Amino acid sequence: MGFKGSPNGVVAISFFTVVCLVMAGVSYGATFTEQFDAFSSDGYHVQVAPDGQEAKIVLDQVAASGFGSKNQYLFGNISMKIKLVPGDSAGTVTAYYLSSAQPAHDELDFEFLGNASGQPYVLQTNVFANGVGGREQRINLWFDPSADFHSYGVLWNKNQIIFTVDDKPIRLYKNSEDLGVAYPKSKPMGLYASLWNGDQWATEGGLIKLNWTHAPFIVSFKEFSTLDGCVVTNNDITPCTATTTHWWEASAFQTINRNQAEQILWVKENYEVYDYCKDTKRYTTEPVECSRNVPLL
Ligand SMILES: *[C@@H]1O[C@H](CO)[C@@H](O)[C@H](O)[C@H]1NC(C)=O
(Lines of atoms letter the chains of each structure in order from A and count residues from 1; the text may use other names and numbers.)
(Lines give C-alpha, C1' and ligand atoms only; values in the text may rest on other atoms or scores of the structure.)
Protein backbone atom coordinates (compact mmCIF):
# COMPACT_ATOMS: atom_id res chain seq x y z
CA MET A 1 0.00 0.00 0.00
CA GLY A 2 1.08 3.57 -0.39
CA PHE A 3 3.30 2.55 -3.30
CA LYS A 4 2.53 5.59 -5.45
CA GLY A 5 3.36 8.13 -2.78
CA SER A 6 6.24 6.27 -1.21
CA PRO A 7 9.66 7.83 -1.82
CA ASN A 8 11.17 4.36 -1.73
CA GLY A 9 8.76 3.26 -4.39
CA VAL A 10 9.79 6.12 -6.65
CA VAL A 11 13.47 5.35 -6.15
CA ALA A 12 12.83 1.69 -6.85
CA ILE A 13 11.00 2.48 -10.08
CA SER A 14 13.59 4.87 -11.41
CA PHE A 15 16.44 2.51 -10.55
CA PHE A 16 14.65 -0.27 -12.39
CA THR A 17 14.05 2.02 -15.38
CA VAL A 18 17.70 3.00 -15.54
CA VAL A 19 18.80 -0.64 -15.41
CA CYS A 20 16.43 -1.49 -18.26
CA LEU A 21 17.62 1.42 -20.40
CA VAL A 22 21.25 0.54 -19.82
CA MET A 23 20.57 -3.08 -20.74
CA ALA A 24 18.66 -1.97 -23.81
CA GLY A 25 21.51 0.28 -24.88
CA VAL A 26 24.31 -2.15 -24.25
CA SER A 27 23.15 -5.53 -25.35
CA TYR A 28 20.14 -4.80 -27.56
CA GLY A 29 19.20 -2.14 -30.03
CA ALA A 30 15.73 -1.30 -31.20
CA THR A 31 13.76 -4.31 -32.32
CA PHE A 32 12.43 -4.72 -35.83
CA THR A 33 8.86 -4.37 -34.59
CA GLU A 34 9.65 -1.14 -32.77
CA GLN A 35 10.92 0.42 -35.99
CA PHE A 36 9.05 -1.28 -38.83
CA ASP A 37 5.79 -2.66 -40.10
CA ALA A 38 6.04 -5.80 -42.22
CA PHE A 39 4.14 -5.80 -45.53
CA SER A 40 3.22 -9.44 -45.04
CA SER A 41 1.58 -11.03 -42.05
CA ASP A 42 1.81 -14.67 -43.07
CA GLY A 43 4.85 -15.20 -40.81
CA TYR A 44 6.87 -16.52 -43.75
CA HIS A 45 7.56 -13.77 -46.29
CA VAL A 46 8.81 -11.45 -43.52
CA GLN A 47 10.50 -13.38 -40.72
CA VAL A 48 11.62 -11.69 -37.51
CA ALA A 49 14.08 -13.34 -35.10
CA PRO A 50 12.61 -14.00 -31.62
CA ASP A 51 14.81 -11.28 -30.06
CA GLY A 52 13.75 -8.79 -32.76
CA GLN A 53 17.35 -8.06 -33.80
CA GLU A 54 17.19 -9.53 -37.30
CA ALA A 55 14.58 -9.78 -40.04
CA LYS A 56 14.50 -11.69 -43.31
CA ILE A 57 12.35 -11.08 -46.35
CA VAL A 58 11.56 -13.97 -48.62
CA LEU A 59 10.73 -13.97 -52.34
CA ASP A 60 9.12 -17.03 -53.86
CA GLN A 61 6.51 -17.70 -56.52
CA VAL A 62 3.77 -17.05 -54.00
CA ALA A 63 4.75 -13.51 -53.00
CA ALA A 64 7.28 -10.73 -52.85
CA SER A 65 7.44 -8.77 -49.64
CA GLY A 66 9.07 -6.02 -47.64
CA PHE A 67 8.69 -3.64 -44.75
CA GLY A 68 8.48 0.06 -44.00
CA SER A 69 9.44 2.26 -41.06
CA LYS A 70 6.89 3.41 -38.55
CA ASN A 71 8.57 6.83 -38.51
CA GLN A 72 9.00 9.42 -41.22
CA TYR A 73 12.31 11.28 -41.27
CA LEU A 74 13.59 14.59 -42.54
CA PHE A 75 17.40 14.63 -42.55
CA GLY A 76 19.74 12.47 -40.54
CA ASN A 77 22.12 9.56 -40.82
CA ILE A 78 20.04 6.55 -41.64
CA SER A 79 21.55 3.13 -42.10
CA MET A 80 21.00 -0.57 -41.63
CA LYS A 81 23.01 -3.73 -42.14
CA ILE A 82 22.00 -5.97 -45.03
CA LYS A 83 23.10 -9.42 -46.20
CA LEU A 84 21.96 -9.98 -49.77
CA VAL A 85 20.54 -13.05 -51.50
CA PRO A 86 23.39 -15.57 -51.81
CA GLY A 87 24.13 -17.88 -54.74
CA ASP A 88 22.10 -17.43 -57.91
CA SER A 89 20.27 -14.16 -57.30
CA ALA A 90 19.92 -13.21 -60.98
CA GLY A 91 16.72 -11.32 -61.67
CA THR A 92 16.10 -10.40 -58.05
CA VAL A 93 16.15 -6.80 -56.91
CA THR A 94 16.63 -5.81 -53.30
CA ALA A 95 15.35 -2.27 -52.92
CA TYR A 96 16.28 -0.28 -49.84
CA TYR A 97 15.19 3.32 -49.95
CA LEU A 98 13.81 6.40 -48.33
CA SER A 99 10.67 7.73 -49.95
CA SER A 100 8.11 10.42 -49.27
CA ALA A 101 4.44 10.12 -50.15
CA GLN A 102 3.29 10.54 -53.77
CA PRO A 103 2.79 12.63 -55.85
CA ALA A 104 5.92 14.64 -56.70
CA HIS A 105 7.79 12.50 -54.26
CA ASP A 106 11.37 12.57 -53.03
CA GLU A 107 13.34 9.35 -52.88
CA LEU A 108 16.86 8.17 -52.06
CA ASP A 109 17.49 4.70 -53.44
CA PHE A 110 19.76 1.76 -53.04
CA GLU A 111 18.90 -1.09 -55.42
CA PHE A 112 20.92 -4.27 -55.44
CA LEU A 113 20.65 -6.11 -58.74
CA GLY A 114 21.22 -9.83 -58.28
CA ASN A 115 23.44 -11.92 -60.52
CA ALA A 116 24.36 -15.50 -61.36
CA SER A 117 26.46 -17.33 -58.72
CA GLY A 118 29.92 -15.85 -58.37
CA GLN A 119 29.14 -12.81 -60.55
CA PRO A 120 29.21 -9.32 -59.07
CA TYR A 121 26.14 -7.65 -57.69
CA VAL A 122 25.48 -4.17 -59.01
CA LEU A 123 24.51 -1.47 -56.54
CA GLN A 124 22.43 1.23 -58.15
CA THR A 125 21.75 4.47 -56.31
CA ASN A 126 19.34 7.17 -57.41
CA VAL A 127 17.98 10.49 -56.20
CA PHE A 128 14.44 11.73 -56.83
CA ALA A 129 13.30 15.23 -55.97
CA ASN A 130 9.80 16.48 -56.66
CA GLY A 131 9.06 13.32 -58.63
CA VAL A 132 12.09 13.67 -60.92
CA GLY A 133 14.69 10.90 -60.80
CA GLY A 134 16.79 9.52 -63.65
CA ARG A 135 20.03 10.04 -61.69
CA GLU A 136 21.23 6.45 -61.57
CA GLN A 137 24.76 5.56 -60.68
CA ARG A 138 25.81 1.91 -60.72
CA ILE A 139 28.82 0.41 -59.04
CA ASN A 140 30.19 -3.06 -58.44
CA LEU A 141 30.90 -3.63 -54.78
CA TRP A 142 34.46 -4.46 -53.65
CA PHE A 143 33.23 -7.38 -51.56
CA ASP A 144 30.62 -10.11 -51.86
CA PRO A 145 27.55 -8.48 -50.28
CA SER A 146 25.87 -11.86 -49.83
CA ALA A 147 28.69 -13.36 -47.72
CA ASP A 148 28.14 -11.12 -44.72
CA PHE A 149 26.28 -8.12 -43.36
CA HIS A 150 27.44 -4.68 -44.48
CA SER A 151 25.94 -1.34 -43.60
CA TYR A 152 24.33 0.88 -46.21
CA GLY A 153 23.14 4.35 -45.45
CA VAL A 154 22.70 8.00 -46.26
CA LEU A 155 23.88 11.09 -44.47
CA TRP A 156 21.31 13.65 -45.52
CA ASN A 157 21.03 17.31 -44.63
CA LYS A 158 20.02 20.59 -46.28
CA ASN A 159 23.23 20.85 -48.29
CA GLN A 160 24.21 17.36 -49.33
CA ILE A 161 23.43 13.68 -49.47
CA ILE A 162 26.22 11.17 -49.01
CA PHE A 163 25.50 7.53 -49.81
CA THR A 164 27.66 5.26 -47.68
CA VAL A 165 28.72 1.62 -47.63
CA ASP A 166 30.21 0.49 -44.32
CA ASP A 167 30.33 4.19 -43.42
CA LYS A 168 32.53 4.93 -46.44
CA PRO A 169 31.10 7.52 -48.84
CA ILE A 170 30.39 6.11 -52.30
CA ARG A 171 28.41 8.97 -53.80
CA LEU A 172 27.90 12.68 -53.23
CA TYR A 173 24.79 14.59 -54.25
CA LYS A 174 24.87 18.30 -53.46
CA ASN A 175 21.95 20.67 -53.15
CA SER A 176 21.81 22.42 -56.54
CA GLU A 177 18.71 24.51 -56.02
CA ASP A 178 20.81 27.54 -56.98
CA LEU A 179 21.05 25.92 -60.44
CA GLY A 180 17.30 25.30 -60.59
CA VAL A 181 17.42 21.64 -59.56
CA ALA A 182 14.91 20.49 -56.95
CA TYR A 183 16.44 19.01 -53.78
CA PRO A 184 14.80 16.75 -51.18
CA LYS A 185 14.49 18.95 -48.13
CA SER A 186 10.87 19.43 -47.16
CA LYS A 187 9.12 16.07 -47.46
CA PRO A 188 9.48 13.52 -44.68
CA MET A 189 10.53 10.12 -45.92
CA GLY A 190 9.94 6.62 -44.61
CA LEU A 191 12.58 3.88 -44.89
CA TYR A 192 11.52 0.86 -46.93
CA ALA A 193 13.00 -2.45 -48.01
CA SER A 194 11.67 -5.01 -50.42
CA LEU A 195 12.78 -8.00 -52.45
CA TRP A 196 11.09 -8.51 -55.80
CA ASN A 197 11.32 -10.06 -59.24
CA GLY A 198 12.97 -7.51 -61.51
CA ASP A 199 14.05 -9.87 -64.23
CA GLN A 200 12.52 -7.71 -66.96
CA TRP A 201 15.49 -5.37 -66.59
CA ALA A 202 17.73 -6.07 -63.61
CA THR A 203 20.43 -8.50 -64.64
CA GLU A 204 22.40 -7.70 -67.77
CA GLY A 205 19.54 -5.56 -68.97
CA GLY A 206 16.94 -8.32 -68.52
CA LEU A 207 18.82 -11.03 -70.43
CA ILE A 208 19.27 -13.24 -67.38
CA LYS A 209 15.99 -14.40 -65.91
CA LEU A 210 15.14 -15.33 -62.39
CA ASN A 211 15.46 -19.08 -61.83
CA TRP A 212 12.58 -20.13 -59.59
CA THR A 213 14.15 -23.53 -58.93
CA HIS A 214 16.56 -21.58 -56.70
CA ALA A 215 13.75 -20.00 -54.67
CA PRO A 216 13.13 -19.04 -51.93
CA PHE A 217 15.37 -15.98 -52.26
CA ILE A 218 16.17 -14.45 -48.89
CA VAL A 219 17.71 -11.15 -47.82
CA SER A 220 18.50 -10.36 -44.17
CA PHE A 221 18.54 -7.09 -42.25
CA LYS A 222 19.83 -6.06 -38.85
CA GLU A 223 20.80 -3.06 -36.70
CA PHE A 224 17.52 -1.26 -36.45
CA SER A 225 18.86 1.38 -34.05
CA THR A 226 20.87 3.28 -36.64
CA LEU A 227 17.89 5.13 -38.05
CA ASP A 228 19.33 8.31 -36.63
CA GLY A 229 17.08 10.85 -38.31
CA CYS A 230 14.85 13.73 -37.32
CA VAL A 231 11.43 12.15 -36.86
CA VAL A 232 8.54 14.19 -38.24
CA THR A 233 5.40 14.04 -36.11
CA ASN A 234 1.95 15.44 -36.97
CA ASN A 235 3.29 16.58 -40.35
CA ASP A 236 5.22 19.37 -38.65
CA ILE A 237 8.62 19.60 -40.33
CA THR A 238 9.72 22.74 -38.46
CA PRO A 239 11.61 20.87 -35.69
CA CYS A 240 13.68 19.22 -38.45
CA THR A 241 14.25 22.25 -40.68
CA ALA A 242 14.39 25.22 -38.33
CA THR A 243 16.72 23.98 -35.63
CA THR A 244 20.45 23.63 -35.41
CA THR A 245 20.40 20.98 -32.71
CA HIS A 246 21.00 17.92 -34.89
CA TRP A 247 24.59 16.76 -35.25
CA TRP A 248 24.32 16.29 -39.02
CA GLU A 249 23.75 20.05 -39.38
CA ALA A 250 27.20 20.85 -38.01
CA SER A 251 29.57 22.52 -40.45
CA ALA A 252 31.69 19.37 -40.69
CA PHE A 253 28.78 17.67 -42.49
CA GLN A 254 27.96 20.47 -44.94
CA THR A 255 30.87 19.63 -47.23
CA ILE A 256 33.07 16.58 -47.60
CA ASN A 257 36.61 16.34 -46.36
CA ARG A 258 39.63 15.18 -48.33
CA ASN A 259 39.40 11.55 -47.16
CA GLN A 260 35.77 11.39 -48.21
CA ALA A 261 36.59 12.97 -51.57
CA GLU A 262 39.35 10.43 -52.15
CA GLN A 263 37.04 7.58 -51.21
CA ILE A 264 34.33 8.73 -53.63
CA LEU A 265 36.86 9.13 -56.45
CA TRP A 266 38.31 5.67 -55.68
CA VAL A 267 34.83 4.19 -56.12
CA LYS A 268 34.22 6.16 -59.33
CA GLU A 269 37.54 5.14 -60.84
CA ASN A 270 37.53 1.48 -59.85
CA TYR A 271 33.96 0.33 -59.38
CA GLU A 272 31.61 2.57 -61.30
CA VAL A 273 29.87 0.83 -64.20
CA TYR A 274 27.25 3.47 -65.05
CA ASP A 275 26.81 7.19 -64.43
CA TYR A 276 23.78 9.10 -65.71
CA CYS A 277 26.00 12.14 -66.02
CA LYS A 278 27.94 10.44 -68.80
CA ASP A 279 24.95 8.92 -70.59
CA THR A 280 24.80 11.17 -73.64
CA LYS A 281 22.02 9.07 -75.19
CA ARG A 282 19.71 10.09 -72.36
CA TYR A 283 21.09 13.55 -71.66
CA THR A 284 22.49 15.34 -74.71
CA THR A 285 23.94 17.97 -72.42
CA GLU A 286 25.27 16.96 -69.05
CA PRO A 287 22.71 17.63 -66.26
CA VAL A 288 23.69 20.88 -64.51
CA GLU A 289 24.18 19.31 -61.08
CA CYS A 290 26.71 16.74 -62.31
CA SER A 291 30.01 18.57 -62.16
CA ARG A 292 29.70 19.67 -58.53
CA ASN A 293 28.89 16.12 -57.44
CA VAL A 294 32.34 14.95 -58.51
CA PRO A 295 34.57 15.83 -55.57
CA LEU A 296 37.62 18.01 -56.11
CA LEU A 297 40.86 17.13 -54.40
C1 LIG B 1 26.59 -9.66 -63.55
O2 LIG B 1 27.80 -10.24 -63.98
C3 LIG B 1 28.23 -9.83 -65.27
C4 LIG B 1 29.46 -10.64 -65.63
O5 LIG B 1 30.50 -10.42 -64.71
C6 LIG B 1 28.46 -8.34 -65.27
O7 LIG B 1 28.83 -7.91 -66.58
C8 LIG B 1 27.21 -7.60 -64.82
O9 LIG B 1 27.45 -6.22 -64.71
C10 LIG B 1 26.73 -8.14 -63.48
N11 LIG B 1 25.57 -7.47 -62.94
C12 LIG B 1 24.36 -7.35 -63.48
C13 LIG B 1 23.34 -6.66 -62.67
O14 LIG B 1 24.07 -7.78 -64.57
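Quick reminder: no glycine exception, Cβ is built from N, Cα and C everywhere.
Because the structure is a prediction, the values reported are computed rather than measured.
Taken from TrEMBL, the feature active site, nucleophile applies to E107. If you look up TrEMBL, you'll see E111 marked as active site, proton donor. The domain 'GH16' annotation in TrEMBL covers 26-221. As annotated by TrEMBL, N-linked glycosylation site applies to N115.
TrEMBL feature annotations superimposed on the structure.
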residue: E107; record: active site, nucleophile; CB count, 10 Å: 19
residue: E111; record: active site, proton donor; CB count, 10 Å: 18
residue: N115; record: N-linked glycosylation site; CB count, 10 Å: 22
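A Cα-Cα distance of 25 Å separates the residue listed as 'active site, nucleophile' from N115 (N-linked glycosylation site). Taken together, the residues of the domain 'GH16' (26-221) have an average pLDDT of 96. DSSP assigns the residue listed as 'N-linked glycosylation site' to coil in the three-state reduction, outside any helix or strand.
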